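Taken from TrEMBL as is:
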SIGNAL    1-22  signal peptide
DOMAIN    38-368  domain 'Glycoside hydrolase 35 catalytic'
ACT_SITE  Glu185  active site, proton donor
ACT_SITE  Glu265  active site, nucleophile
DOMAIN    415-526  domain 'Beta-galactosidase 1-like first all-beta'
DOMAIN    552-610  domain 'Beta-galactosidase galactose-binding'
Amino acid sequence: PARMGLPALALLLAAGLLPTQASPPARSFQLDYEGDCFRKDGAPFRYISGSIHYARVPRPAWRDRLLKMYMSGLSAVQVYVPWNYHEPLPGVYDFAGDRDVEAFLDLTAELGLLVILRPGPYICAEWEMGGLPAWLLWKPDIVLRSSDPAYLAAVDSWLHVLLPKIKPRLYQYGGNIISVQVENEYGSYYACDYGYLRHLLGSFRALLGTEVLLFTTDGAQAWELRCGTLQGLYATVDFGPDSNVTEAFGAQRRVEPKGPLVNSEYYTGWLDYWGEAHASTSSARVAQGLEDMLQLGASVNMQVPGAGFHALDSTRALFLPLLMLPRPGADFKDQYKPVTTSYDYDAPLSEAGDPTEKLFAIRTVISKFQALPLGPMPPSTPKYAYGRVALQKHANLLDVLDVLCPSGPIQSQFPLTFEAVKQAHGFVMYRTRLPRHVLDPATLGAPPHSVCDRGYVMLQQEYQGTLERDGQTTLRVTGREGDTLDVLLENMGRINFGANVSDFKGLLGNLSLDSIPLSNWLIYPLAIDTAIQQGWPHTALPESSSRGRAGPAFYTGTFETPSIAWDTFVKFPGWSKGQLWINGFNLGRYWPTRGPQQTLFVPGSVLHVGHPNNITVLELEGAPPTPFLLFLDRPLFNRTLSRSTMATE
């Protein structure tokens, strides 16, 4: 027979008249409303997921933590993207090193984990201001998480930077991101601005495409779901092991009558506040609640209670409580409640990456519903107790203002907030002079709620005491006309949940002396982190002044590791409150007199092998007579010790 020419063959193929090799089905991740489930590549699918915060885990530990989550039987991880971690100043972006979210997402794919992405723009996460950048408050009347044009302009600018990095990693395009959350627990916010949610929906669709599954997460109360949900966004709920599973999913069913049941934040723990007991949640209760949900066919993400440099109302738990860049937020529950530095609130995988009894209880439940990966669980990371390290006083903070504020002070008739002087975190010094002789004790006071968050008061360079938000707001002082009054203001973390996320810092009102306002202030925004990262104070000679041990001062010391640098925990015997850096890395706040956290986690990756490790401590209230730190091989979380008790340990 005559051969068929190539043009004719092409025509027949195009017309579908000749058999062809079957092409692989298109990758898809979709909702099945009839089957009340997800469908992955057309097949019914249910995920069991755990949360991990890459911003709280040092990059060298990413693989270890993710592998342990994979070996626990999880099919997915849930990942927050903190906006303020990547855009510290307007239009200034940082995706390098520990902030390389693309590298983190690529690692999850390499290890065979799917991803549920939560890019905000608001994330809560017990993270400073819920991930929103403090520079948004440079416009004092901005309405956050709303249709305010100034807020939307900043959000749109950020999303146009972030989401193009995400799109190629979506499941539909060959990646491993199966779904993307829009906003977070918006139903718990006072604004209830559906126009804002519609704007976000339009932006996410425009930048990620029409196929990606977009969803919301809210508490399981009717009022939370009323303002947090929107047509076009699949509504999920969050709740913990103390909730009635049937009732909680019943709340989801009232807004999503069909489709998969999803608990996007199943709390395996709860957060710690300074001054309260360490949170713990029963492993048996966590495991039973998980089993109850899985028996209903639900998809579940396990969250460990969260914190960081934060302070606020209620937030959640995380599967993996990790550390890093101290950015804890705060809650507001009748009063300001800053959260501890550590994010380990009785998590299944500890801050140091150690599998716990709770992790194995969860793993046992998962094994009843799907096969576990073959092979053993990776072991706990090795720890080392480096022991006692002596410190020496380097300088009182007041003696090094030229180093910490090289551009000099800002002059103002009345105090300015952190935001007004464009300082996001850390400390600002406020200085004025007494306008008259005060021979009999007079009351130095602040209006209610105007010290945000702690003010360390010095008169003629002598420490007088501390003013505190929702705490002590007056001190009795004496002095002479012209004496220098210094107040060091500390940001303890912006509120990260609820109506109060517009949390301005510094002196929000004027200080007064016997009700007469003080004026003519010099305001020093302090760049302490920057100075320490550049090698100070270890590259400088100690200051000759050695006045007392009370009040803000810097202490330094060094130690060497054996031939390998292992994780460790540092304890602060006899110290009051302050901040720790090792080799320029900010390891966060210590506050043993208030507790419950007594130690700070030091990842081995920040330590040097073969040459000294530089320790810098900023003690704010008073160091012990013989200052030293104690490096241990285990953490101490649940103790609030008195100063006298600690000094004898």
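Quick reminder: no glycine exception, Cβ is built from N, Cα and C everywhere.
Comparing local CB density within 10 A for the active-site residues Glu185, Glu265, the maximum falls on Glu265. Comparing Glu265 (active site, nucleophile) with the residue listed as 'active site, proton donor', their Cα atoms are 11 Å apart once rounded. Helix, strand and coil residue tallies for the domain 'Beta-galactosidase 1-like first all-beta' (415-526), in that order: 3 helix, 56 strand, 53 coil [DSSP]. Here the domain 'Beta-galactosidase galactose-binding' (552-610) has, by DSSP, the following mix of helix, strand and coil residues: 3 helix, 27 strand, 29 coil.
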